[in-house]
């Protein structure tokens, strides 16, 4: 296999206008890979460390140190390694960093090299990235979980839940699912406008109307689904990302939700009522990131009807996921490559989840680039679900468009996950 001969990093801008790391890896057969590293707004305390410069430049968010770490420390260490030995490349970087959370070199430095190496190796093997990583049997196209109303840390809308997503479960193909989602999205704009609300957008391309409650937001989307000519619960289902750590008061031990202070038990009842009244297939981070007992209880209560997804709760970390499996806390893993900081560790987390019947949802971050790696990963790892924001804004649509290409490449072998991706329809 071709060897790494050059690694170069640079500082670029993400979709929020903040700096991030881009890395290029060159092999001795002239194969090449490039990767841009995403960044989150609501970040879990257990995530791998994203290295920022501090100071005045870019309001402290510069990544020149991470870039320097790639160019001056990581590059010499991985030069000469075979690009198809992903685990060795990642191990060399992890050993070089030496910390528990990648705080010395920066997860944003390590991940950039890790992803760019995989892309270069795929190019060298003359394979699509999804085929290189997933092998000849990778053929399942994921359900796009489109975030069409943004709240929480992603917008100034006033609603506490961070993401209101639609899942086109009734589609026969990814192409049809994308069309359905786009049609609902455009109809939602007219519904919001007709109510005299703002059609401004949040970080992930969804609308950010000033609504007072979760139910009000869901009702707006339900109206848009109907207006688009689709049946709620048959063609289109709902999914939520509560990102509840963002409205949890650690000092008081309560959730400041919709104008009141609520206990974990109260929140469990809130979610039970929502699942009862709306066709919700997935709830992400319903409780704060260290409430193991609460997650276990919630999963026991409604886990047979709905997917309970650990994002900040698991942070794509195999060790935390293992604990969750043992405690029967949550039943699905949100997969964010930059939470753990290397491709090998991401693959380990996905495999651990799937081996224990936990579903996986591949995910973008609110600060994205035009990089489409996660689209390929969602197919390579047979996730069956992906969230990449609204069907608008090019950094979001880039991933969905890549999935269109993959579906076209697979031809008759392509299978759209559809309803089978969720426990509500596939218990």
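Including glycine, each Cβ sits where the backbone N, Cα and C put it.
What Swiss-Prot records for 204 is active site, proton donor, and it gives sequence analysis as the kind of evidence. Annotated active site, proton acceptor per Swiss-Prot: 336, in sequence order. Under the heading (2R)-2-phosphoglycerate binding site, Swiss-Prot lists 162, 336, 365, 366, 387. Swiss-Prot lists 241, 284, 311 with the feature Mg(2+) binding site.
Annotated Mg(2+) site 241, 284, 311; additional same-chain residues within 8 Å of its Cβ mean position, judged by their own Cβ, are 162, 163, 240, 242, 243, 283, 285, 309, 312, 334, 363. Between the C-alpha atoms of residue 241 (Mg(2+) binding site) and residue 387 ((2R)-2-phosphoglycerate binding site), the distance comes to 11 Å. Among the record's (2R)-2-phosphoglycerate binders, 162, 336, 365, 366, 387, no two C-alpha atoms are more than 17 Å apart, and one pair sits at exactly that spread.
For the residue listed as 'active site, proton acceptor', the count of additional Cβ atoms within 10 Å of its Cβ stands at 27 [all protein chains shown]. The recorded positions examined here are 204, 241; by Cβ neighbour count within 10 Å, the least packed of them is 241. When the binding-site residues 162, 366 are compared by the number of other CB atoms within 10 angstroms of each CB, 366 has the fewest.
Annotated pair residue 311 (Mg(2+) binding site) and residue 387 ((2R)-2-phosphoglycerate binding site), C-alpha to C-alpha distance, rounded: 12 Å.
Of all Cβ atoms in the protein chains displayed, 30 besides its own lie within 10 Å of the Cβ of residue 387 ((2R)-2-phosphoglycerate binding site). Counting Cβ atoms from all protein chains shown, residue 365 ((2R)-2-phosphoglycerate binding site) has 26 others lying within 10 Å of its own Cβ. Considering only the recorded positions 162, 336, 366, the residue whose Cα is spatially closest to the Cα of residue 204 (active site, proton donor) is 366.
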